[in-house]
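> Encoded as structure tokens, here's the structure I'll be asking about.
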Amino acid sequence: MCRCPLEHHEVRMTSAEAIAVAGSAQEHGRPKWPPDKPQVLGQPALARVVVAALVWLLAGASMSSLNKWIFTVHGFGRPLLLSALHMLAAAVACHWGAQRPVPHSIHRRVLLLSLTFGTSMACGNVGLSTVPLDLAQLATTTTPLFTLALSALLLGRRHHPLQFAAMGPLCLGAACSLAGELRAPPAGCGFLLVATCLRGFKSVQQSALLQEERLDAVTLLYATSLPSFCLLAGAALVLEAGAAPPLPPTDSRLWACVLLSCFLSVVYNLASFSLLALTSALTVHVLGNLTVVGNLILSRLLFGSHLSALSYVGIALTLSGMFLYHNCESVASWATRRGLWNRDQPGKGL
């Protein structure tokens, strides 16, 4: 986990974003970099972050592979319907767990999040149904770049300079991986690109509602799941009613996979919301790049996918960018000891 300075949000951290510092710096407008006394995440909060991250990574990798299995092996040609079922499962699961109603003052923000949530999920599943699993996962590695830009533009958050540097290998690695897998349909790649952009926007919205408005993960997921379900169910009814082949009602294996996919979706979304409440939108998506390796292995084992040499170079670059992002303070300290980085003069550095 990155040890960059953290925001004063009780036990919550903004990971490597360091958007707030102590009083005197606030009087002069934008906070200085770096803060004098960075906060350290307490052991209980750190344990919650680790558990939520592990659950999120495992559920995400399993759900992506299972969804691809449903689309490919069972011929389930209804990605919008599957997305709607995911949202319905979230609404049912969170109905009794929501702690309090959403304040009326933020209803519009919640509805906007629901629209972004549902659209990103639909585009992701539509893209996944048409392209190989490995390519679908590699496309998501550019999400941290969109999240970094949106958090700076929309929320005014400041980032460690090395975090911007880490976006280079992260996105270059994704570009190399995509260049090595150009056999995929252009339409599927387009849906994946839209889903990636919307996923970054969604995380910024979630982070603001969870941390600034103090909503809990279950309440926010419940509030967004019902509007998202209505949106996705309507889209599935209009776009997939006559286009996809009829569903086999007696295929017990298919419906068992669909139910398991819905369960994994609920677990994944709850863990994602919890991570956003404890860390930040950018940290979550950089962590999400870890699922790429797991899904590449599963894609090779389950579907016989093979990556080119350029794609493996892209994976190595992506992992190096992740290392730089999560260890920006350690890298900066190492460079400072060798005279390559001057903390007091941000203009002079690596």
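Glycine too: its Cβ is placed from the backbone N, Cα and C atoms.
So Swiss-Prot says this about it:
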- 40-60: transmembrane segment (TRANSMEM)
- 79-99: transmembrane segment (TRANSMEM)
- 110-130: transmembrane segment (TRANSMEM)
- 125-179: domain 'EamA' (DOMAIN)
- 135-155: transmembrane segment (TRANSMEM)
- 218-238: transmembrane segment (TRANSMEM)
- 258-278: transmembrane segment (TRANSMEM)
- 279-299: transmembrane segment (TRANSMEM)
- 301-321: transmembrane segment (TRANSMEM)
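Looking at the shown structure, can you explain where the listed features end up?
Only residues 6 or more beyond the boundaries of the transmembrane segment (110-130), in the same chain, are considered here, and those with a CB under 8 A from a CB of the stretch are 64, 67-68, 71, 77, 79-80, 82-83, 86-87, 102, 136, 139, 184-185, 187-192, 194-195, 198-199, 201-202, 205-206, 209, 220, 223-229, 231-232, 235.
Per-residue confidence over the domain 'EamA' (125-179) averages out at a pLDDT of 72.
Outside the transmembrane segment (218-238), and at least 6 residues removed from its termini, the chain residues within Cβ reach (under 8 Å) are 78, 80-81, 83-84, 87-88, 90-91, 94-95, 97-100, 102, 110-111, 113-115, 117-119, 121-122, 206, 209-210, 269-270, 273.
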